[in-house]
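Student: So TrEMBL says this about it:
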DOMAIN    B:26-290  domain 'ABC transmembrane type-1'
DOMAIN    B:315-539  domain 'ABC transporter'
TRANSMEM  B:20-40  transmembrane segment
TRANSMEM  B:52-82  transmembrane segment
TRANSMEM  B:122-145  transmembrane segment
TRANSMEM  B:151-168  transmembrane segment
TRANSMEM  B:241-261  transmembrane segment
């Protein structure tokens, strides 16, 4: 919310322009009542129809001026609303991409939700600027107009309105909460029915139609209740505003007779006062009750949801400088939470340039955690991960990012040229370097098929198979000067032969290679193997582990060679 | 013209007595509202006469109170009617969609949009109809009230409204170009964000978040330009619409002025005329309500479409409690299976193989009664449990997703998870088995093993695995295989698979081709056939 307001304040000029045109919009409200009063008083009632008609035509002319003012307000909305939306989107995108919790990755539907909320903020901001501002301008103009015509009664008019507005403001927080609950209930209903309807096969297979119906029905019922709760609040709000708007009229006519009798108030002044109240103030107040508050609520809910989607970003810190390119892990333990079983327990390991380590173990046991610990994305709970003698997560970020490269299983490709995609981590690489890297990982035929470096890629590597996308990601890291390369199941979509070629290419590169293995054949190519299977990790060469670890022997036996026609490579 | 959904809407209206209450309330509030300008005129005349009259003031107060209280009641009643009707429709629809079973004739996304969007549109029918009625009554009442003041006022009003509407009519539609550009660019930014988010680990590890944010945001200037264009167009539309009411008001006021001069009207009556002119215009704003009514009918039709599909018959299936054998006699399903005859004896490990599109999954679905057959007969001796390649995990927590649809307790769920080799993963989650299913970042293999645990916990006589271990690495698959043999000893097991090794382990292999059984026997027997070998070498 604070960010939103400060962004708006940043466009003060645009907002001031809007307010300036609003003054023109307020002109009919300011003069309207008085003109109608005068038209009757000095025109028709005085037997001078021409005067009356002329005053009314003046009223019409002012209405045109007001409409013109409104037109200018709308035309200038873009200058405030669009930059505000840009700032909001920028912040959210940065927040999402900098989010330190690497596990929680929003999927396509979460991104769609973010987009929807941003559009709500945009429309609601425009709505607030149009309606709340109009309300303010109209009410003020009408009250000033009223004060100049029926001065004696101004307090009777102002006090009820101010009281109603104050009460209304007091009700806003509880309204906001109810509105938010309703929005959440709506989302839960969609989620519950979406889960069941997309999983209908599984519902039938589990014979769980009753439980599924109960799950949906519970959310549906809650949503209905939440809607009614909001309606009660709305009714109360509408009543407060309606009373606040109507009381001045009643007070006015109740207190006017003695003033009219004593000549303090003219017919025109009374008419003008009533016109101000019925034609200007009341519609504005009703607008506030009906729409403005709804818009404000929607705005607040959307801003809050956006805040949750993109929490404040944490700046990467670290000023340690590594003294060499070696990794030293001592008694490293890591778990997702203090209560959960640790993923890594008591791991000690040294890695020197030229080392090629394979990490094997069943899927889901937390092999990727190793990658996150080595890249400094997560600090260990206990023990230390030292890179060149310094804790890796405290190494100067630029140094760390240049020295250690991670290729995860899920590939990052963006819309742009193949060159842009390949040079992502090495912006100064020449075309020659890029093509060489592409050739090394065996992606030359792919590059030729795509049409060279200048070819463009669509969203999410559209038109590429998962394996082809992985090849491009591999070439992208190959071309960098990183001295530590971590392949986290980065070859999972390649066939065994292509995988072997990639791993060979990387192991011939200088520095440390860590392969988090998808297939056990990766272990045969490494000079050391780390086995993760829930307990304390096992470390050794392939031969050593075969001799000493029955678990490793079982893993190798279970590995079904019929799928991996490729013959094991001779030891390096 | 009557639409298929109209009958449904009618039953929504007639569900309970609340619509009548709303109508009664609206009648009272509208009457109050229509009497206010006249009451106000009297009160102003009283004020101008300089003599205080209590009754006049009380009358005005009474009418105002009637309207204000009526409006408040109306808001709550309307929300209550709409939300209850929506809930009623949603419950009916979800019940029916569940009864239609699998495969559903309606795509999941489509069904969800009927559940969420269409039900809430159709649920609003009562309120939409009554608001239209209120607007019509209010406008008609205002014209009558104007006529009662002075017939000339009514005449001028009736003539001026259509004329004014004609003069300020909005020629311009929102320029389609800007709207389209806005949507396209907005979609582009979203797609870029989805790209970047799926590459988040790469971005985080390389520390290039800010640079990549810039890449996502690249199209923003075009978005802002299109947006500004939309506002300019809207400005042109708005200012013409803003002129409508003042134009009519001025005409009515001038007429009223002459009425005052001729002595037909009092000064207060001028205000009444002004008030009725504004009230009378309420019908003009009802065009969106008419659109809403059409949308309501269209939505009701979409709901009726679902409700009108009769649930499939499942009569030609016999399930008895017993050993776990399955027999198919001349079973055909659409164009997926043709006259399949098959016997799987109790306790057998059977593999179903075939290239993609051969009908493997349909056969697996028919075996356990997951989908109905068009003709033929399925004889089933025992309950069938399923595990899938991509299971949809349902239920509130991870633990519940294993026990889904059963009353299995924590210990049983845990045992099943241990057997499915997924227990080690689940206890490492932030809240263990109590972690909400939506918050769990599961890989394909993990989801498959939870799906297996879900099948194991039911302790079925027959277990059908529809490619349920495809995402597991070979080590884990072998572990799962072993665990299944231990957890469910002697059960009939039917496995849809692409892996030759799995087929080799099976007691019998059913080889499907174009919806027919091409051959059956052991893997070794079939392996001599070149076409059979092609099933495996061509796949994977």
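Each Cβ is built from the backbone N, Cα and C atoms, and glycine gets one as well.
Let's see these features in context: how buried, what's close, how far.
Tutor: Long-range contacts of the transmembrane segment (B:20-40) within its own chain (CB-CB distance under 8 A, at least 6 residues past either end) are made by residues 56, 59-60, 63-67, 69-71, 73-74, 77-78, 81, 126-127, 130, 133-134, 137-138, 141-142, 145, 268, 271-272, 274-276, 279.
Beyond its flanks by at least six residues, the transmembrane segment (B:52-82) meets 18-19, 21-22, 25-26, 28-33, 35-36, 39-40, 42-43, 46, 120, 123-124, 126-127, 130 of its own chain at Cβ-Cβ distances under 8 Å.
Within the chain, the transmembrane segment (B:241-261) has long-range Cβ neighbours (under 8 A, six or more residues past its boundaries) at 146, 149-150, 152-153, 156-157, 160-161, 164-165, 167-168, 170, 267, 269-270, 273-274, 277-278, 281, 284.
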Student: In the same chain, who gets a Cβ under 8 Å from the transmembrane segment (B:122-145) while lying at least 6 residues past its ends?
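Tutor: Answer is 5, 8-9, 12-13, 18-19, 22-23, 26, 30, 33-34, 37-38, 78, 81-89, 154, 157-158, 272, 276-277, 279-283, 285-286, 289-290, 292-293, 296, 299-300, 303.
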